[in-house]
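**Student:** Below are the features listed in TrEMBL for this protein:
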- 6-31: transmembrane segment (TRANSMEM)
- 442-462: transmembrane segment (TRANSMEM)
- 468-490: transmembrane segment (TRANSMEM)
- 497-517: transmembrane segment (TRANSMEM)
- 658-683: transmembrane segment (TRANSMEM)
- 689-711: transmembrane segment (TRANSMEM)
- 732-750: transmembrane segment (TRANSMEM)
- 828-847: transmembrane segment (TRANSMEM)
- 854-871: transmembrane segment (TRANSMEM)
- 934-955: transmembrane segment (TRANSMEM)
- 984-1006: transmembrane segment (TRANSMEM)
Amino acid sequence: MTGLTVLPLLLWLCAAYFVGIYLFVGGFLLVRLEVNRTSGCADVLQPGEEPLDFCQARPRFRRTVVLIIDALKIDFARFDPTNASPRPHENKLPVLQETLSARPAHSRLYAFRADPPTTTMQRIKGFTTGSLPTFVDVGNNFASSAILEDNLIHQLGRMGKRVVFMGDDTWENLFPRKFHRSLPFPSFNVKDLHTVDNGILQHLYTTMVGDDWDVLLAHFLGVDHCGHRFGPDHPAMAYKLTQMDGVIRSVMERLQDDTLLVVMGDHGMTDTGDHGGESQKETDAALFLYSPSPIFAGPPSQDEPDVVPQTDLVPTLALLLGIPIPFSSVGQVLLPLFPPHQQAGGAAGRLSQLEALWINTKQVNRFLETYSGLARDISPERLAELKADFARLAASYLGSVGEGRPPPPQLASSLQAYLTSVRDTCRATWARFNPLKMAGGLAVLALACLTCFVTSELSVVLTQEKRAGLKAPAAVALAAAAGVAAAQLLTRGYVEAAWCLAAGTVGSQLLFLWRAWRASRLSRWLSPRRLLVPSVAVPLLRCASLFSDSYVIYEGRVVTFLLLSLALYVPVHLNWNGHLLPPTPDPLKSAGLLPSPALSPAAVRKESGTLCGCLGLLVVCAYLSLCFHGCREEQGLCQPSPFLSPLSRLQDNQLKNLYYGVSVSSLAVCAYLLRLCLCHYGNLNASGGAVFAARWVLPLLCVCAGLHWAVSAAPEDGFRKLAELIRVAQLALPRAAFCLLGAGLSLVWADPLTVFVKARPAASARSSALPPPRYRASTGISPQAELHHLIPQIYQRMRRSLEDGEAGGGGGEEDHRPAVEAYGLGTVYSAPLLLFCGLLGVGLLLLHPEGMTLSFLLLLLEMVALLHIHASSATLSGAAGSDPGGFSVPWTPVVAWALAATQFFHATGHLPTFPSIQWGAAFVGFPDGHAGTILPASLVTLNTFASHILFAVCFREQDNVRRPRDYSSRILQKRTGKRTNTKLMFEACGFLVSSVFLLVGVTLVLRVDVAVGRWFKTLVPDASR
C-alpha cells in the first residue's frame, strides 16, 4: 500500500478527534457576550426635583496617579517589624507601613483580589471595565486586541480628561489612540528587569510637575520579570522592591491635595515566581490608596473589608473622578472612600456612601437588563428575583429622598447585598457549561476511538487499494453537514458550525464502521476478551480517573505507576504462557514427535535476559524521573525539583558549576549513545546527508548548547568588561544552534539512507542455491524465518545481481565471506528516524532549563528500554509458534509508549497548569523580545510539549517487515494507537502537537521507504530482479 493511501486515512482520523475536541471545548470554555454600550452622564443623574448633572459637578479628586507594579502580591507590601532576618521579598516596602501608621486618615492597604486567569492582559481588562473574564480569555494574553467594552480609559477621554501613560506596551494594544500622551516600552522579554522601569523613571517625575495631565498611569514590570527569571527569593527581587519603595516615596512627595495615589498590583505570584492560575498566592495582589488630604474617617474599622475585588476599583475611581461608571461593570464601590450619608454635608464633589451605592446599583441593574435581553443565558427565575429586589430597593431609596426623610438604616447593606448577588449571578452564568455540546463532543471522541481501534486491528484488510478509499465517507460527511445546516437555518435562523462538523464526522465514521463490518468479522475483534486485556484496560482506567481531583493533582506519579505496572505485565504474561524460559523436554515423549523450537534454548535465555535487564533499566529511569517533577499549589509541602531552576538563579558558584557539569556530561552521554548505536549497526560508514548530520551537525549542536548554557548562567554584574560579548553570545549561540538543527533535519529528510555497500572485486561461480547470508537483518530470529522478511530479500537480490555481473572462475569463496557486504541495511528505516529524533531532542533541550538535560538522558534510556522490551517480547512470543501470516496490534507497547510521553511531560517540569508554563523558552535566542507573537508562542509550545513531540516522532516498528506491502499497514497500526490515550482541555493542545509530529514521523518513514526503493532500483538492474 502506498503512502498516498495511508496519509489521507491518518488525516481523517486526526480530523475526527479534532472535531470532537472542538465541540467539547465549545461547551466547556464559554465566551461571555460583550455588551458594546456606553454609559452617559444622563445615567448618573441624582434623584430629586432638580437633578444635577453629575459630570459637570466638581469631582472629589481633580487628578489621579496610578502606579501599577506588576505582580505586587500582598505579601510584598506588608511589613513585619519583628522579622529580624527577612527574605529577599519581605519588608522591602517600608514606606507603606510608615504612611499607614503616621497618616491613617490619608491611606489604606488592602488585599486586591483578582479573578482568574491571573495574566496581565485579563487583569488590565478587569480593572478598567469592571467585568469578569472567562477562562478562554487566557489565550489572548499572547495577542492582546483592543478592548471594545466601555471602560475607564474611554470614559476619561469622553469627559476631556488627559490620560498620560508610560510602561507596559500591552496598554497600547488594548487602548489604541486613547491616551493624551503615551510612552510604551516592550514588555514581553521577561529576562529584562530594567528597560521598562528605567524608561518610566526618566519621564515620571517631570510629567508630574507639569500641568498637561489629569490621570497618570505608570505600569512597572521589573518585579514581575524578576519573579519569572529568578523567583521571589533572589537578591534581584530585593533590589526591585527597594527601587519601587523609592519610587512610591518620590511620587508621594510630589502629590497635591486634590490628587489621589493608587499603588496596585495586577496579580500575585507563586513561590517560583509564576502566575496565571487561581491559587491565593496568584490572585491576591496589593492595593494602596493615599492622598495628601484626608480621605478616610480615621483608622481602619472592623466594618472595612479585608479583601477588595479588582472589579470594585472601577466604580470607585469613576465616582471619585466624576465620570460615569463603565456600562458593563459589575463592581461595587469601596465605601470607606465615601463619607456616611449624614456626614456628607453637601460638600462639593463628595458623594455619600448611600448616593454612591445608588448610582452603582442603577448602573449594574441597567447592565443586567441589557445583557439578559441580548444573551438570555440567565435563568428567568433568578432574573425575576433580581428585578424584584431592585424595584424594592429603588422604591425605598427614592421614597426617602423624595420625602426628605432619612433612609432606612439597613438600606446601604441591602444595596450592597444586591450588588453582590448580581456579581455572583454573572460569575456563575459565565462559568456555566453547555452539557449538550460536552456530551456531543464526548460522543464524537468515543466514536473516533472505536474507529481508530477498528482501523488498527483490521488495517491489513481495510487499507488495501480497493477498500481504502475515503470518497464515500467524505460524501456522507458533506451530506450530513449540509442537512444539519439546513435544519438549523429552518429552526433557528442561523448555522452553528460545530454541530455541522460533528454531524459530518459522525456520518463518515458510521459509514466507515459499517464497511469494516461487512469487510470482516468485526465482532471477533471487538470481543470482551480482546477489550479487557491490561493494555486496553489501562487507558480506560486512566480516562475514568480524570474525573478525580486527586488523580489530576498527582498525575505524574500515577502515570509512572501505570507505566511500570504495564511493563511488569509483559514478563508475567510471557511466563504465564510458557514463553519466558526455554521449554523443558518431556522424557516420556519421543523427540521426533515434538516440533522443533524456532529459537534455541540459549537464544531464549538471551532474549529473556535482555527483557529483564531492560525492565530493570525502565524501573530505574522511571523512579529517577520523579526527581524532576514540579509542584502544584494543592500539594502543600511539596518542593519543586531544584533542576527546574535555571543556573542563573543559583547563588552558590560551586553548586552552579556542579549543575553545569552534570548538564554538559548528560548531554555528552546522550550524543555518545546515539553515535554508538549508529556505529554499532554500521550506519556511519556511508557518505550521505544523514551520515554527515550524525558526524558533524550533532556534535556542533551539542557544543552550541553547552556554550549557550555557560553564557546564560553568567551573572549580569560578574563580567562587566565582557557584557557586550556575553550579550552577543546569548543572541548568536542559540540562533546558530537553531540553524544547525534546521540544516541537520533537512539533510536527514533529503538523504535519509545510511547504507554502505561493499562488493568484493572477484568471486567464483556459484550454484543457483544460495546459502543463508552471514549478514543478519535482525536479532533473535532464525535464518529460515529471516528469509521471509523484506530486508534479507533485498540483500539476497543484491548478492545475486552483483555475483552475476562478476568475472567467473576460481574455486570457492575465499575465507567463506559473501561477495557483497551491506553495512547499515538492517537499520535502514530506524537509523534516520533515530538521528532525526536525536537532533530534534537537542533542539528541544535548548528551550528547557539546563538541569533538564539529565531528565532528557533518562527519557532516551527509557525509550531504548521500552523498544527492547517490545522487541524481546515479540521475539519470544513469535518463537512460540505464532502464525507467520497473521498480524495483531501489540497494544501493550503502544499504550506504554503513550504513558511514557505523559510521564516525561511531568518529568521535564511541566504541569497541566498555566503557572507551570516555562515562558523563558520564548526568549532563547531572542533576548531582546519579539516583534510578533507567533514565534514566541511556537517556542513555548515546543517547550511545553517536548515529550509528546519526541515520543510521537520516535515511535517506530522494528525493521524486519515481513512483506513490502505490509509496511504501510504496520505504520498505520502503530501510528493510530497512541491517539486513544489523550486528555482534554490542557492536553488538547498536546494532542494536536502529538498528531502533527506523528504525521511527521509517518512521512519520514515513508520518505525512507521511497529512498530505499529508488536505491534498490539503482543498485540492481531490472534484468537482474
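Quick reminder: no glycine exception, Cβ is built from N, Cα and C everywhere.
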**Student:** Count, for each of 6-31, 468-490, 934-955, 984-1006, the Cβ pairs lying under 8 Å from the transmembrane segment (828-847), and report the range with the highest count.
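**Tutor:** That would be 934-955.
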**Student:** Looking at the stretches 6-31, 497-517, 658-683, which one shares the most CB pairs under 8 Å with the transmembrane segment (689-711)?
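**Tutor:** Per the Cβ under 8 Å count, 658-683.
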**Student:** Residues of the same chain, at least six outside the transmembrane segment (658-683), with any C-beta under 8 angstroms of its C-beta?
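**Tutor:** For the transmembrane segment (658-683), the nonlocal Cβ contacts are 643, 647, 650, 691, 694, 698-699, 702, 705-706, 709-710, 713, 754-756, 823-824, 826-827, 831, 834-835, 838, 841-842, 845, 850-851, 853-854, 856-857, 860.
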**Student:** With the transmembrane segment (6-31) as the reference, which stretch in 732-750, 854-871, 984-1006 has the largest tally of C-beta pairs below 8 Å?
**Tutor:** 984-1006
